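Peer 1: According to Swiss-Prot, the protein carries these features:
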ACT_SITE  A:414  active site, cysteine persulfide intermediate
BINDING   A:102, A:123, A:130, A:131, A:132, A:133, A:134, A:147, A:191, A:192  ATP binding site
BINDING   A:233, A:236, A:309, A:312  Zn(2+) binding site
DOMAIN    A:358-455  domain 'Rhodanese'
MOD_RES   A:63  phosphothreonine
REGION    A:40-60  region 'Disordered'
């Protein structure tokens, strides 16, 4: 077994090393391009290189298309109302994309392909397998690499003339101003409420249009905030954040890649319309609602600016960025945030369960949804009892016989060990004399500590 | 009834999960009384809401994060809770999405 383990370690080390080398090559290629560009501009003052501090590389304003540009962009150059001027506007524009996930990948892909001159990419996260079905710029070989770097490699393959700056960090109230200041348009491709309020307030303060997309399950939504004299901001529409229990992320609710692809592509389209101008009516003061189950788009009319909006009215209350995680009562990342609802004697370590209890008679309730239970089960003893059936007490009838026996221990588990605590708390209130415990860390902990071959999602 | 107030009621982007997972209904309400969105909310709460009322209603209005549209227009442009429902109106409740 040790031999196999050593080989596995060697394999991951090699993969990581190759990924790092690829990323280093990519950075050097970018430096080379910048150097060549600086030389071509007759510079030597280093202006074209100094973009480490998050400042946009301003360079020189391009006033002509090259032969390569003409060949590459010919199919959009011949569009009425686009033309050479439109292409030059794109070439001289800088766009910031926040989130290189399901929305950010297609948005970045179409913007780079269309000839946006300067792209900023923000993401704090690394590429992992559960991304590939919708985050189509990342590849198997780049697992573990920063998403921004991975996206940069893919985008440069698509269009080597695009200059790309990676901000591989979580955007927050402290770094937002430095990062955002120099961009013309910002795309909200994020996945959480706190970041959405942050981007809105920052875009209002720095006067930038915000192209906002979101998607979950089979649904998508799209609008442009803070655009034009009457265009509302996010706070005009949503003055108060939703209660955390009403918010679902893609990691918990699921999402189809073709749905994020639709919305991300449309974000690119609105961005191009904003930059080029005269291409059509930008989606401000309206919201596009996409229902993937019926294939229907609805274009709804939303309110204009709120005269007493805390952010964008003439007398705003918010003039500096605030603590958005506090304001929303929610985190800005979808990483595990373990709940701590139960006392330690009401919980069980996966190893202890494996060593001592698994072979003894007990009830093993898996409180994940039925679709998730279908993906993998801890053992043949596991019984699927979705959390909703615990909370609405319908389990009482279904397990009336089993629950009469106080001496039969009950173990509750879920994916990560949060829902299982909620279930245990609820059941303990009704059966204080039963032994009811949950598995700490859920199935993820099982894979980490007991069975590395158990699938993880 | 001939005098009934006929409405199309739609729920979308997750809001339907609170209403038995039904996205579209044709309603016939008692036409002898005046109906506003406010009274429609009470009717929905009493008659078709199947779970977690706090995820739909807070106080006498919808919870933050749900948009209400009358014939595809934001209800805030039409008077909000006091908007008087008209024959054949289409009322859509839609949850805001935050994922990406």
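Cβ coordinates are placed from backbone N, Cα and C, and glycine is handled just like the others.
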Peer 1: Between any two of A:102, A:123, A:130, A:131, A:132, A:133, A:134, A:147, A:191, A:192, the residues recorded as binding ATP, what is the biggest Cα to Cα distance in Å?
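Peer 2: Between the most distant Cα atoms of the ATP site, 20 Å.
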Peer 1: Measure from each Cβ of the recorded positions A:102, A:134, A:191, A:236, A:414 to the Cβ atoms of chain B, and list in sequence order the residues where some distance is under 8 Å, or 'none'.
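Peer 2: Listed recorded positions meeting the cut-off: A:102, A:191.
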Peer 1: So of A:236, A:312, A:414, which of the recorded positions has the fewest other Cβ atoms within 10 Å around its own Cβ?
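Peer 2: Among the recorded positions A:236, A:312, A:414, the lowest count of other Cβ atoms within 10 Å belongs to A:312.
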Peer 1: Considering every residue in the domain 'Rhodanese' (A:358-455), what is the mean pLDDT value?
Peer 2: 94
Peer 1: Excluding A:233, A:236, A:309, A:312, please set out which residues of the same chain place their CB within 8 Å of the center of the CB atoms of the Zn(2+) site, keeping sequence order.
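Peer 2: Apart from A:233, A:236, A:309, A:312, the close residues are A:200, A:204, A:225, A:226, A:232, A:234, A:235, A:305, A:306, A:310, A:311, A:313.
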Peer 1: When the Cα of the residue listed as 'active site, cysteine persulfide intermediate' is compared with the Cα of each of the binding-site residues A:130, A:191, A:236, A:309, which one is closest?
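Peer 2: Among A:130, A:191, A:236, A:309, A:130.
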Peer 1: Sort the recorded positions A:63, A:102, A:130 by C-alpha distance from residue A:233 (Zn(2+) binding site) and give me just the closest.
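Peer 2: If we rank A:63, A:102, A:130 by Cα distance to residue A:233 (Zn(2+) binding site), first place goes to A:102.
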Peer 1: What are the helix, strand and coil residue counts for the domain 'Rhodanese' (A:358-455) according to DSSP?
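Peer 2: With helix first, then strand, then coil, the domain 'Rhodanese' (A:358-455) has 39 helix, 15 strand, 44 coil.
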